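Okay, structure first, notes after.
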Amino acid sequence: MGRISKLNHYVAASPIGKYFRLDGSLSPLSREGTKFTTEVRAGIATFFTMAYIITVNSAIIADSGGSCECNNKLNKSCIGDETYEKCLGIIKHDLIISTALITCIGTTIMGLFSNLPIALAPGMGLSAYFTYTVVGYHGNGKISYKAALSAVFLEGILFVILSILGIRQYLARIIPMSIKTATGTGIGLFLTFIGLQKSAGIGLISYDPSTLVTLGGCPQSDLDETGRCLNHHMESATTLLGIFGFIIITILTLYKVKGSLSIGIILISIISWFKNTSFTYFPDTKVGENRFEFFKKVVSFHLVDNNLAVMNFDFSTSEVWVALLTFLYVDILDTTGTLYSIAKFGGYMNHETGDFEGSTAAFICDAISISIGALFGISPVTAFIESSVGINEGGRTGITALVTSFCFGISIFFAPIFASIPPWATGPALIVIGSMMARSIKNINWDYIGDSVPAFLTIALMPLTYSIAYGLIAGIGSYIIINTTVTLIDKLTKGYIKASRKTFNGDWPDENMTLDYNSQHLANSVNLFPTWLVRSFKHLFNRNDDNVDNSENPEIKMNDFDSNNNLNNLNVVNTV
């Protein structure tokens with residue numbers, strides 16, 4: 001027995017192994033094939049894939065102006081104002097620490113209490129909405145930065161209540177199966193779209209005023225102020241380096257090399273740190289020099305002074321309530337869809353109940369993290385779909401999340417290093433994972449248009465609107481309209497005019513069952529509320545039904561994984 005095997009055996013036999021249900025522990029619900037070293041590797045992979053959020057999120061929220069005040073009446077945006085720009089620089093450093101800190105705290109809570117390999121961090125889509133729609137560029141919106149944070153804080157409190165009562169879970173479980181199946185593919189395309197862009201990817205796609213997007217990949221000198229590629233498409237050294245990273249990760253994954261994603265990200269990052277090259281992350285510009293000066297510090301700690309607990313609980317204006325309600329419904333659909341997608345991707349779903357292990361704890365952890373994030377001046381926190389990277393590396397327990405949170409905790413002190421991971425190093429990993437998550441598209445019932453059209457809208461609008469929530473809204477809304485119309489016509493004509501329907505033989509809820517696809521999401525859904533609520537109801541009304549299984553923590557069967565916890569044999573279908 002080698003050292004690694006001994007370490008895995010020792011940890012599994014310890015109280016830690018039993019708590020997190022590692023394979024070989026004394027837990028009756030141990031997860032087959034889970035190993036401590038695999039969990040550590042998966043957590044590191046998730047971190048490196050998510051590390052871009054430290055700089056990207058801080059840059060987005062800094063555009064709101066934060067707690068800086070613009071007193072220039074002639075220049076309302078204070079563009080070029082030295083005093084304001086200096087304040088923005090301090091705010092951005094504060095937000096780097098805040099982003100890393102809330103990611104560390106939220107992911108720790110998730111790992112400890114839900115025992116799921118899911119990381120929490122500020123959502124980029126919600127951050128963009130927070131900055132450019134709610135607060136406005138440099139605070140030119142109708143709501144101040146401080147008032148917007150109070151709306152985020154209250155949203156988190158409401159989320160906790162909805163999660164405890166099981167309303168969030170209920171809303172997710174009544175989503176039609178066609179939409180659930182399409183969500184995995186839509187999120188996969190969304191990830192790929194992010195990985196192909198310049199802000200968080202390889203820059204292969206750029207803006208075009210006529211077609212919105214087009215082929216990019218041109219050098220920085222050939223980009224105009226809107227991000228449009230003027231000349232020399234596909235000649236950018238960073239884009240070509242990102243494509244090289246994509247090939248490296250794909251080949252390593254093909255040959256089942258452990259830590260393939262981490263290897264690719266680290267390799268491209270190190271190459272990009274060399275100065276005086278066409279692909280350096282530290283070009284000879286003011287921005288590049290500032291990056292390099294920050295990078296040279298290696299170890300640095302910056303106190304969060306200017307955006308800590310600066311909320312203004314003034315709900316006298318209607319705009320604040322509009323922002324609150326918008327955060328609420330967008331986050332419900334966004335986070336719920338992401339959590340269920342990751343749960344299905346990782347094999348945590350209970351096909352009988354349509355729920356996943358630890359769902360109530362996961363939703364509560366997510367909700368609490370939203371309010372904590374508001375205290376640090378951060379937009380709504382959400383479950384990160386990049387967690388699927390760690391799952392693909394073999395992560396199956398909360399240890400993966402704890403390792404990821406530990407890395408983000410370290411990044412608070414080593415922010416110069418971790419903030420210097422270029423987007424073209426993480427973009428390839430997003431593209432690879434996106435392709436894996438798109439496999440569920442084959443399980444959509446394309447033979448019935450009442451399922452196929454809503455599913456297609458869900459898939460298409462997630463990347464095109466840059467929002468998981470809007471894709472779900474389009475899919476669910478069209479599903480209700482189409483199928484309600486079909487039902488009304490059927491009732492009014494007493495079955496004389498009837499739409500053709502196809503049966504669907506799939507793996508949900510049971511791969512051996514053949515039933516009407518449109519009713520699958522209602523089958524065996526007895527566990528619609530949290531375990532504590534069901535038990536309390538039974539106790540109060542003296543109900544004892546031994547035939548109903550209300551276990552919120554069903555045993556997870558991991559037979560689809562090989563001895564190395566590779567995803568190749570996992571049936572990743574119906575990815576919600």
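Sequential numbering from 1, following the chain as shown.
Just so you know, glycine gets a Cβ as well, placed from its N, Cα and C.
Note that TrEMBL annotation is computational and uncurated.
If you look up TrEMBL, you'll see 95-113 (among others) marked as transmembrane segment.
Residues or ranges marked as transmembrane segment by TrEMBL: 119-137 (among others).
Residues annotated as transmembrane segment in TrEMBL: 149-171 (among others).
Look at TrEMBL and you will find 177-196 (among others) tagged as transmembrane segment. If one looks beyond the transmembrane segment (177-196) by at least 6 residues along the same chain, the residues whose Cβ comes under 8 Å of a Cβ in the stretch are 124, 202-205, 337-338, 340-341, 344-345, 385-386, 426-431, 433-441, 443-445, 451-452, 454-456, 458-463, 466, 468, 471-472, 475-476, 479, 508, 517-518, 520-521, 572-576.
The transmembrane segment annotation in TrEMBL covers 237-255 (among others).
Same-chain residues lying 6 or more positions outside the transmembrane segment (261-282) and placing a CB less than 8 Å from one of its CB atoms are 41, 44-45, 48-49, 219, 237-238, 240-242, 244-246, 248-249, 252-253, 288-289, 291-292, 295, 389, 392-393, 420-422, 424-426, 428-429, 432. The transmembrane segment annotation in TrEMBL covers 261-282 (among others).
The annotation transmembrane segment is assigned in TrEMBL to 320-341 (among others). Sequence-distant contacts of the transmembrane segment (320-341) (same chain, at least 6 residues past either end, Cβ-Cβ under 8 Å): 118, 123, 125-126, 129, 134, 143, 147-148, 150-152, 154-155, 158-159, 162, 168, 171-172, 180, 183-184, 187, 314, 349, 356, 359, 362-363, 366, 370, 380, 382-385, 437, 467-469, 472-473, 575-576.
Sequence-remote contacts of a segment are chain residues at least 6 beyond its ends whose Cβ falls under 8 Å from one of its Cβ atoms, and for the transmembrane segment (361-385) they are 50, 53, 57, 61, 66-67, 94-95, 98-99, 101-103, 105-106, 109-110, 113-114, 116, 118-123, 126-127, 129-131, 145, 149-150, 152-153, 155-157, 159-160, 162-164, 168-169, 187, 190-191, 304, 306-311, 327, 331, 334-336, 338-339, 341-342, 468. Among the features that TrEMBL reports, transmembrane segment is placed at 361-385 (among others).
For 397-418 (among others), the entry in TrEMBL reads transmembrane segment.
What TrEMBL lists as transmembrane segment is 453-482 (among others).
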Contacting positions for the transmembrane segment (237-255) when only residues 6+ beyond its ends and CB under 8 Å are counted: 201-204, 216-217, 219, 261, 263-265, 267-268, 271-272, 277-279, 422, 424-425, 427-429, 431-432
